[in-house]
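Novice: Provided herewith is a single structure, encoded as structure tokens, for subsequent inquiry.
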Amino acid sequence: MKLKLYEYLGLIIGLLIALEPSYIHPDEHFQTLEPIFTAWTGAKGTATWEFLPENPCRSITILRLYYTPLLWLNQHIFHLKPLGLLYLYRLQNYLLYTAVVIFFLEFCEVSITHKTKAKFFIRTSYVTWVFQSHTFSNSLETIILLLFLFTCQYCIYEVRSRHYATFSSCFLLGALISIGTFNRVTFPAYLILPLLSVFYHCFLSHWIGVAYTAISTALVSALIILFDTKAYSSTDCKSWVIAPLNNLLYNMKVDNIAQHGLHPRYTHLLINLPLICGPIILLFISQKAVLKLPALSCISGILMLSLFRHQELRFIIPVLPLLCASMNLDNFDTFFQAETIITSWLVFNIVMGLIMGVFHQAGIIPLISYFSGEEFPVHIWWKTYSPPTWMYSNPDLTVSTTNFKENVEFVDNIPWHVVSNHVVDLKGSDIELLNKTLTKFSENTDSIQLIMPNTVLDKLTPLQSQWKFITEWETQQHLDLDHIDMPDWTTIKPGLRLYNVSLIV
């Protein structure tokens, strides 16, 4: 009874966190909403490397299938500004994931007691509240993966009841393989062992099912390639666009991955997995696993993704529901210190939910929303995550950033004469580049605004003899974890500020 209450509270907390302006990683905007919103509305934004026509690494078709319906509804019915639209997408992601989990657990061949406890752990997890509600391609990957495993289990059920898998089930299986792969090239990593199991149980004596699945995969893939090629051809792409292949070839080169960060190959297993599971990692270690499709998918995914040197936590967020469905939780109530584990689990997820879902980089989105659809001067972003420029909703927007020459950062490509509706992303550049940027713009305008987190306020001290910084906008709901200089506790300063900057005459 207590777990059921906590489960429902977890659902409510997830809804509330979905409506918070936290910002986990730039990819939640630049791999999804940035390209689709700017293409739909005609607003200017940031063109990331994945969507450059020279080597397209992301499928536009998948984005259109998933994100266009709400854009259409917003254009014709809701008329929400970008902030409201963002919250609408987060609610869509969260509610869809919650619904899919229910169907997924129904076909996991576990007891009702196990399902109840699995739903409790899934719904009270900060991974569900935060990562699954945000607009990551990883969030959609989890949903597609659960639908895939559900379909696999249904195929096995059909073979047991009527000795063959139906055409519709096999066709859906192939379609999900294709859609999931074109959404994220990492998707097949989770499929290898489950597909071997399905082949053994369903297709070994019924090869027609393999044919149906293969035809479906090929047909859906061909359609996506066709639509992607058409989409990119309008921007000078001259050959067939196979986005997952381009993405895989890019990530096979260590030099390319190094630009995004290299990690030890044990990062997923020893760091990211415990961060996802928290205290219940003890259950997964001590309890016997039910070696069904979810467990096979989990093992397959972690092992395959650990081969690559770039390992972020969000790459393995699908493992949370898989692990919860795989562990034998029927005897959890008699497990040593079960109450302690539940208490520590709830505390862990509330803390992580507050940090990641409420405060993390949470000042950026409200600040941009303040200027959404309006004229503004030069905005210089310094020591923050890259601003999601689609939220400016500005057809006259100019976006500039730094450039590198032999690993040295410069600001050579910034058009200094553009002094209105101009966003300059200085990222984590040093104080000298900030000073140069301010100086160059001051030669053309006296309307310059600087956005920066409170964690680096002390770094402005050398410039205060030359520049006047007047606070125009400020929020305390902003936690910058990237510039905390431990063990100097004074650098832990929540908040984000917008300054009006002018020369001291």
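Every residue, even glycine, has its Cβ placed from backbone N, Cα and C.
Keep in mind the model is a prediction, meaning the values are calculated, not measured.
Sharing the features that Swiss-Prot gives for it:
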type	residues	note
CARBOHYD	Asn435	N-linked glycosylation site
CARBOHYD	Asn500	N-linked glycosylation site
TRANSMEM	5-25	transmembrane segment
TRANSMEM	94-114	transmembrane segment
TRANSMEM	139-159	transmembrane segment
TRANSMEM	163-183	transmembrane segment
TRANSMEM	207-227	transmembrane segment
TRANSMEM	266-286	transmembrane segment
TRANSMEM	288-308	transmembrane segment
TRANSMEM	315-335	transmembrane segment
TRANSMEM	345-365	transmembrane segment
Novice: What Cα-Cα separation, expressed in whole Å, is found between Asn500 (N-linked glycosylation site) and Asn435 (N-linked glycosylation site)?
Specialist: 14
Novice: How about the transmembrane segment (345-365) and the transmembrane segment (5-25): at least 3 CB pairs under 8 Å, pairs 6 or more apart in sequence, or not?
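Specialist: Answer yes: the transmembrane segment (345-365) meets the transmembrane segment (5-25) with 3 or more Cβ pairs below 8 Å.
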Novice: Counting only residues 6+ apart in the same chain, whose Cβ is under 8 Å from the Cβ of Asn435 (N-linked glycosylation site)?
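Specialist: Residues satisfying the criterion: Leu463, Gln466.
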Novice: Which stretch, 5-25, 266-286, 288-308, tops the Cβ pairs under 8 Å count with the transmembrane segment (139-159)?
Specialist: 288-308
Novice: So if I exclude everything within five residues of the ends of the transmembrane segment (288-308), which remaining residues of that chain have a CB under 8 angstroms from its CBs? That is, six or more out.
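Specialist: Same-chain contacts beyond the ends: 108-110, 145, 149, 152-153, 186, 189-194, 196-198, 251, 257, 265-269, 273, 315-316, 318-319, 321-323, 325-328.
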